[in-house]
């Protein structure tokens, strides 16, 4: 019986959670942290704000948001992998982040009221959901008018030569890194599949607009291997 995308992705992250943070650094050559830092500068998160990190995984971006909003702010992190959340909980407790609450839930049906958050983020998670537009619409629903929806994700490089090298890396080399460092060749093969199938920057910007967001902009990183998309709710 063929697994659904949701079932397959859930199985992947339930298995690789222990090595996820290390592997992110290995396969991105530690660039993912720089991409997130640049994204946070673009967001200019305000003290005391309320933020939601969708598909929060091990809570790295959740914690960055908590640092930005400060003690008087509030941050929720949501993920469907309990094992990934367990790693995040350890980080949150050790860091003393009382303003963070991590929740087990589904990005396709966010368990929050309309117009709740000032910022709603998703980092390297949108490519793994069953339906991109449904999740973007949910993120738009729960953000306040004037609030910001932000996606940091792998993208499709457009530079000739660079594009081909990117696909070779994702298809052949990254799964080998998964096998060497995390004993998970099959799981990291899935990650390259999801990255290859993900929309390019212009296509994702169009989905942001279709979800009801305005002033949509995108910002490529490292030759377009990743990009941040930002949209505002009117």
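Heads up, residue numbers simply count up from 1 along the chain you see.
Quick reminder: no glycine exception, Cβ is built from N, Cα and C everywhere.
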Which of these, 71, 79, 118, does Swiss-Prot say binds S-adenosyl-L-methionine at the same site as 58, 106, 107?
79
10 Å Cβ neighbour count around residue 106 (S-adenosyl-L-methionine binding site)?
17
Surrounding CB atoms that lie within 10 Å of the CB of residue 79 (S-adenosyl-L-methionine binding site), all protein chains:
25
